[in-house]
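These notes are about the structure you will find just below.
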């Protein structure tokens, strides 16, 4: 809880720093504040959490784990933002503030104990992101991304709200525990309003996390937004969306598994195929990453399809592996784009000769996203598949493995371009911030891949 | 106030649900078929207002104030969304002199 307060105060503080033209203090102050929030969150681990503020929020281990990974990923992203915002505009402090406010919304999303807070958290996060997506005011692509994101975000909020309202109509409460008690107390006589409400909530949440067939806005928004914001949206925001999704289903709807499971099963498979097959045909690395993020949503949905005690753990590991690998991919993309001005696969040609370190970290990240053993991505996929197998979804796993094979093709394309295609290019000058983020993330990816024990039994 | 509540409770709950569902559906159809960003935006507001109406009806039905509190939250956040959304639409209008969403087709494979 104290980390949420810290973040909100920090965001306002950063605005004041911008007001007094303390440009050099922005990044250190933000990182320091984030580190403080991270420590405060970790300190509450196993603290015997009780619902606070009249049952509005619950800072349990689930919330703390996802808070930690979200703050950590944001810190990595802000480290590579050095000199990035300055090149877009002179109002740098506002960007940091918006990212921090969005992060505050994310903290509410992962720790809600009342559907009101779910709605408020989603909105705090989204409203900041609409602005961030449109940061480049003169760039038409960025404008388009902002409008599409805004219209789709507001549209899906409508579905989310209608779903919440119908749940309220059936149960007379917004509290997660009381909704669960209602479901348990009426095993046969559940009102049809409740079922309609669950369906609308699934639609709304699938829009938010970008699952097919509600994914069509994702590639456009991810491609049009500035790369750093795309990195934030496809890692931190996606993790938070899944945490909110999972929290609701674990706490409230688990007894109604038979009702919503078939729908989510179909959505999950559709997401996998749409994401992977479309990613194969992309020429732009950034757009490929957008489709790959859709396909990873499909894998993460497994945990909700096969809801059980291991679900939160497997989503946590998968989200960690995916976030860290994606941050590396986007960091390298920023470097390459700064040099060549393009983001297609050909601009990676011959990178390994000139920048062996950058090429190596990108290789580790790509292998992790593809799910090759000895990387974190493999552990994530392994946990997901074993969760699904425990619930006897054998066909689901077979089709998912098929998709993982398709995935290897397009992830390897960039590795092939870096190592086996020659091209005249100059060495990329990367700052020490970039080198630190790349090296550190690659290290974490490998460490989780080799010693998964310390993270795989958190809950 | 007591009379108002009683009068509201006189209307069967199903009528409110039906009315809200119809308004919500009009909003959804509006978002899907209209091509002007501002009209789409108004349709989204219509969806949110359908939700507000239904929440109030349920709140009276359950004799529970939390539904009405939720309506205040929706109104406040809808206002925040209007501020940001209109700013985005103005930004696009400045660059393209149009609010038609069909011209937003630069991002394609």
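Note: Cβ is positioned from N, Cα and C throughout, glycine not excepted.
These come from TrEMBL:
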{"type": "DOMAIN", "residues": "A:114-406", "note": "domain 'NADH:quinone oxidoreductase/Mrp antiporter transmembrane'"}
{"type": "TRANSMEM", "residues": "A:61-80", "note": "transmembrane segment"}
{"type": "TRANSMEM", "residues": "A:92-112", "note": "transmembrane segment"}
{"type": "TRANSMEM", "residues": "A:118-135", "note": "transmembrane segment"}
{"type": "TRANSMEM", "residues": "A:147-170", "note": "transmembrane segment"}
{"type": "TRANSMEM", "residues": "A:190-216", "note": "transmembrane segment"}
{"type": "TRANSMEM", "residues": "A:228-253", "note": "transmembrane segment"}
{"type": "TRANSMEM", "residues": "A:259-281", "note": "transmembrane segment"}
{"type": "TRANSMEM", "residues": "A:288-309", "note": "transmembrane segment"}
{"type": "TRANSMEM", "residues": "A:315-336", "note": "transmembrane segment"}
{"type": "TRANSMEM", "residues": "A:357-380", "note": "transmembrane segment"}
{"type": "TRANSMEM", "residues": "A:392-412", "note": "transmembrane segment"}
{"type": "TRANSMEM", "residues": "A:433-454", "note": "transmembrane segment"}
Surrounding residues of the transmembrane segment (A:92-112) on its own chain - C-beta under 8 Å, 6+ positions past either end: 1, 3-4, 7-8, 10-12, 14-15, 17-19, 23, 26-27, 30, 33, 56-60, 62-63, 66-67, 70-71, 74, 77-78, 81, 85-86, 118, 120-126, 128-129, 131-132, 135, 176, 232, 236-237, 240-241, 243-244, 247
Contact yes or no, the transmembrane segment (A:259-281) and the transmembrane segment (A:357-380), 3+ Cβ pairs under 8 Å, gap 6+: no
Paired segments the transmembrane segment (A:357-380) and the transmembrane segment (A:433-454) in contact, 3+ CB pairs under 8 A: yes
Top Cβ-contact partner of the transmembrane segment (A:147-170) among A:190-216, A:288-309, A:392-412, A:433-454 (pairs under 8 Å): A:190-216
Surrounding residues of the transmembrane segment (A:288-309) on its own chain - C-beta under 8 Å, 6+ positions past either end: 209-212, 215, 218-219, 222-223, 230, 234, 238, 242, 245-246, 249-250, 254, 257, 261, 264-265, 267-272, 274-276, 278-279, 282, 315, 318-319, 322, 326, 329-330, 333, 345, 369, 380-381, 384-385, 387-388, 390-391, 393, 396, 400, 403, 407, 410-411, 459
